[in-house]
Amino acid sequence: MEEEVGNLIRRWTLSNALEHGGDASVDAVIGKLIAEKPELKSDIRELKEKIEREVERVNGLSIEQQKSELEEIGPPERLEKEEEEGLPELPEVDKYPEVVTRFAPNPNGPLHLGHLRAAVLSHEYARNNDGKFILRFEDTNPEDAREDIYGMIKDDLKWLGLHWDEEYVQSSRMKIYYRYSEELLEGGMAYVCTCPPPEFKALRDDQEPCPCRGLDPEENLSRWRKMLEGDFSEGDAVLRIKTDLNDPNPALRDWPALRIVSSPHPQTAENYRVWPLYNFSVGIDDHKMGITHVLRGKEHEVNEQRQRQLFEHLGWDYPTAIQYGRLSVEDAVLSKTKIMQGIKTGDFNGYEDVRLGTIAALRRRGVVPETLKQIIVDVGITRSDSTISWDTLYTQNRRIIDERANRYFFVPEPKELTVSDVPDKNEVKIRRHPDQSERGERVLPLDRRNGALRVWVNSEDMEKTEIGDIIRLKDLLNFELTSKEPLEADFVSFGLMDVPKIQWVSRDPVDVEVVEPEGNIETGYAEPEVTQLSEGEIIQFERYGFVRIDEVEPKIRAVYAHP
């Protein structure tokens, strides 16, 4: 078993190095190994040391040597999925003249990974069937709707490429809800209840009607007008939908549809005081907007039954309902309550804090829209709960951005090294991307002083290096370490050698800050060309990881994405 695991580590390390210009990543190799052998996850701490040693060995080889070694032992068995099949067919398409889906967020907090399933699936099914995709803000709770969130949600959807055909805001549709409320009251299908909540609950649980249930429509309409005109205070009256009191589920017995809320609304101020609850406004809107397919989490099962009861009262056909399991993300903060509270207390630095699972935070970290959409499509529609690991997200994102991201050198914790007797050479040209020659070369100027070369290297790399060791400054030269304090070395050669490689920076180093996933800041030097990068650009710092340029003024700040 140990030999088998050792061979797997070797294969994946060589394969990963060749995919990334000769530099393998420890985290990437770990991800591949666990994907192939999930049973190794419990031993990963012990295996990590072996992987680190193998990555260091392989990264010290030339690309030609890496290719030769991989050919000799054979590449790893790729865990290739079958050709991407996309989503399964949408059911009951032929039942409708046009497919109409909707994404209906509550503007009480930012979009996060947990919201993506409804948004992506609804959008993709509408587009796959030449249908209509509707964005509907469900903001009928004045106490938690936030003015700044409406625009943020729209910006996130545009960035994701989820463009909508029609947009609605429920708080601007109050007269529609009032009209149907009165229709239900007039038809004896609803009533205004003034019973104290504990008394109503006791009667409901005993399957007994409350005294308000038997009032005639005229009295209920009179009470309704009093609700609208302010004769009742908040909590004094609620409009209930009449259902079967013998229903085995108490939650489906005479449920509340509209209630009084005295708080002002960010969109409508104090124009309204009677507000629909979720199931009433959703039911009315799904019918009025012609929604044909409702895609929602299975936790909405009771809500769906309530909405079906409403549709039955009004003589409407309920749309095709598709339920899926919960989608969670490993170790991600997705709770809106925790996010908003953390921002309020200063524990998080806004919606883009890299520790959050918000769409804004993922965008800031260099995760691209294609990654997020593909993950949702891969999970698909299943009633089973699913958990996305960060490794899965990183692997998918790396697959997409690897060919887009130019390469640069960044040296964290830099320490000065002087290499003596370096032949005359004032600059070195390196491809911006190892596989994309058409992108041209970047120029790294060299700091020459009296025949010596001064460079900045990572102090941790040097701590692992002993006097007499030969190391290669990647794409430049090989040196032999002669002193550790101060760091000094002798030039060996320019040609490739079978020795470890490290990144470096020489003349005109640029101060760079990197925001790590935990929110910490790592500082270091980068090569001069990074000053020409644009905000939002995704690059790879070689032997460090992919980053997204967050700021260019007054200092270069990047956000770490993943290995």
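Glycine is no exception: its Cβ is also placed from the backbone N, Cα and C atoms.
All TrEMBL annotations are machine predictions without curation.
Taken verbatim from TrEMBL:
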{"type": "COILED", "residues": "30-64", "note": "coiled coil"}
{"type": "COMPBIAS", "residues": "66-81", "note": "compositional bias 'Basic and acidic residues'"}
{"type": "REGION", "residues": "66-87", "note": "region 'Disordered'"}
{"type": "DOMAIN", "residues": "98-399", "note": "domain 'Glutamyl/glutaminyl-tRNA synthetase class Ib catalytic'"}
{"type": "MOTIF", "residues": "105-115", "note": "motif ''HIGH' region'"}
{"type": "DOMAIN", "residues": "405-484", "note": "domain 'Glutamyl/glutaminyl-tRNA synthetase class Ib anti-codon binding'"}
{"type": "DOMAIN", "residues": "501-550", "note": "domain 'tRNA synthetases class I (E and Q) anti-codon binding'"}
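Beyond the coiled coil (30-64), the same-chain residues lying 6 or more positions past its ends with a Cβ under 8 Å from any Cβ of the stretch are 5-6, 8-10, 12-18, 21-24, 76-77, 79, 391, 394-395, 472, 496, 498-501, 543. Counted with DSSP, the domain 'Glutamyl/glutaminyl-tRNA synthetase class Ib anti-codon binding' (405-484) comes out as 8 helix, 45 strand, 27 coil. Residue counts for the domain 'tRNA synthetases class I (E and Q) anti-codon binding' (501-550) under DSSP (helix as H, G, I; strand as E, B; rest coil) come to 5 helix, 25 strand, 20 coil. Summarised by DSSP class, the composition of the motif ''HIGH' region' (105-115) is 3 helix, 1 strand, 7 coil. For the coiled coil (30-64), the model's pLDDT averages out at 82.
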